Ligand SMILES: NC(=O)CC[C@H](N)C(=O)O
C-alpha cells in the first residue's frame, strides 16, 4: 500500500517512518498530480492556517476532495485534523470540509501546550501513546462520525468511514499502531474496489 504524506509543511518525515514501520510504503507529496497513484493520504501536524493556504495555492483542495470521493482513506493528525473538519470554532472558513465535525484549535490551554499520555482507542487493544502539541479537540460530531477516543471527556480521535482524525501526533512515538490501523483502512478500501 502506497501512502502519501502531504509535504507542504509540518511533520512529514516522521509519518513516512511510521508508515514504513507499520508495513506500508510512505512518500512525500508536493504536487496534486502525485495523488494519482496513492492508496491513502496523511495530512500531518504543523500549522493549519499555513497548510490550508498552501493547499489552496497549489490546487490541493479540489484534488484531495476528488481523492476522498474515490473512497481513498485520509488520515489527519493535529493540524491535519483541523484541515479535514467541516467547521472550525470561531473561524468563518474551514479548509477541506470533509468530516462532519466542529473542531476547536489550541484547545488545551497555555499551561498544557504539550503533553503526552496513553489513550484507549476503540479498535486497538492496548492504550496508544499520544503526544499533544498545541492540540485541537473535536467539540461536536455528526451522526456518521464514530468517536474512537476521548481525553478528559473531550473527543481526540474520530473516524467517518474512510476518514480518520487524531488531535495528537502518533508519528512522534515508537508506537505505530494507529498507522497500522490506518493501513488496515486503506487495505479494506482497496479490497472493496477490486
Ligand atoms: N501540532 C499541531 O499540529 C498544532 C496545530 C496548530 N495549533 C493549529 O491550530 O493549526
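Including glycine, each Cβ sits where the backbone N, Cα and C put it.
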17, 105, 159: which one does TrEMBL list with 46, 47, 48, 133, 134 for the L-glutamine site?
105
Compare the Cα of residue 171 (active site, charge relay system) against each of the recorded positions 47, 48, 78, 105 and report the nearest.
78
Taking the Cβ of residue 169 (active site, charge relay system) as the reference point, list residues of the same chain whose Cβ is under 8 angstroms away and which are at least six residues distant in sequence.
11, 14, 45, 77, 78, 130, 131, 132, 133
Using DSSP reduced to three states, classify residue 48 (L-glutamine binding site) as helix, strand or coil.
helix
Sort out the sequence-distant neighbours of residue 134 (L-glutamine binding site) for me: same chain, 6+ apart, CB within less than 8 Å of its CB, listed by position.
106, 108, 113, 114
